[in-house]
Ligand SMILES: Nc1ccn([C@@H]2O[C@H](COP(=O)(O)O)[C@@H](O)[C@H]2O)c(=O)n1
Ligand SMILES: C[C@@]1(CO)OP(=O)(O)OP(=O)(O)OC[C@H]1O
């Protein structure tokens, strides 16, 4: 059998988990977008897109679970389509690609690592827009790292996510 006639891989019988991380440095003069929300008065993050580390970590976790690589592989910085793109746009497109690859999405959980913004007071709002974008439940939590590391020093923010996907209906 030649390389281009390999049989398709067996369909997984169990749900598949994925992991995702994203980090961006603060950059003065940029707007801050986190969890699909604008945070007025907060310093923004440097990036080719809006640098929403929560949405990006969620995308990375979804791609990881579905075996689709990662954010950079799917949304290259050379593509003007993603210049300035919102995290919600990237998350909606990531979810679309995961479903197109034959998976249903169970849920995504994301933790923001950093001191500011304080996500607790806007958690419900962020979870709503992220869930709408993914078409599946997305939960958001946060931790400060107690002053340690680059997040503790206020140099940037990190997002860490897990995602669960499961095989969709078998193709007929
Ligand atoms: N950006 C953040 C960071 C934390 N929180 C909330 O504060 C709690 C305490 O944080 P620790 O790092 O000291 O554990 C945390 O559990 C969150 O509820 C937040 O809202 N936004
Ligand atoms: C999102 C993309 C594309 O606009 O750019 P950035 O906003 O810089 O974000 P990063 O987390 O470095 O992922 C790479 C790219 O996919």
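Placement of Cβ uses the backbone N, Cα and C atoms for every residue, glycine included.
Over in TrEMBL, the protein carries these features:
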DOMAIN    17-165  domain '2-C-methyl-D-erythritol 2,4-cyclodiphosphate synthase'
BINDING   22, 23, 24, 48, 49, 70, 71, 72, 150, 153  4-CDP-2-C-methyl-D-erythritol 2-phosphate binding site
BINDING   22, 24, 56  divalent metal cation binding site
SITE      48  site 'Transition state stabilizer'
SITE      144  site 'Transition state stabilizer'
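Feature map: TrEMBL annotations on the structure.
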| residue | record | CB count, 10 Å |
| --- | --- | --- |
| 22 | 4-CDP-2-C-methyl-D-erythritol 2-phosphate binding site | 26 |
| 24 | 4-CDP-2-C-methyl-D-erythritol 2-phosphate binding site | 21 |
| 48 | site 'Transition state stabilizer' | 17 |
| 49 | 4-CDP-2-C-methyl-D-erythritol 2-phosphate binding site | 21 |
| 56 | divalent metal cation binding site | 28 |
| 71 | 4-CDP-2-C-methyl-D-erythritol 2-phosphate binding site | 22 |
| 144 | site 'Transition state stabilizer' | 14 |
| 150 | 4-CDP-2-C-methyl-D-erythritol 2-phosphate binding site | 16 |
List the helix, strand and coil residue totals of the domain '2-C-methyl-D-erythritol 2,4-cyclodiphosphate synthase' (17-165) as derived from DSSP.
57 helix, 54 strand, 38 coil
Among 24, 49, 144, 150, the recorded positions in the record, which have a C-beta under 6 A from ligand 1?
144
Where the C-beta lies under 6 angstroms from ligand 2, the matching recorded positions among 22, 71, 144, 150:
22, 71
Mean of pLDDT values spanning the domain '2-C-methyl-D-erythritol 2,4-cyclodiphosphate synthase' (17-165):
97
How many Å separate the Cα atoms of residue 48 (site 'Transition state stabilizer') and residue 22 (4-CDP-2-C-methyl-D-erythritol 2-phosphate binding site)?
13
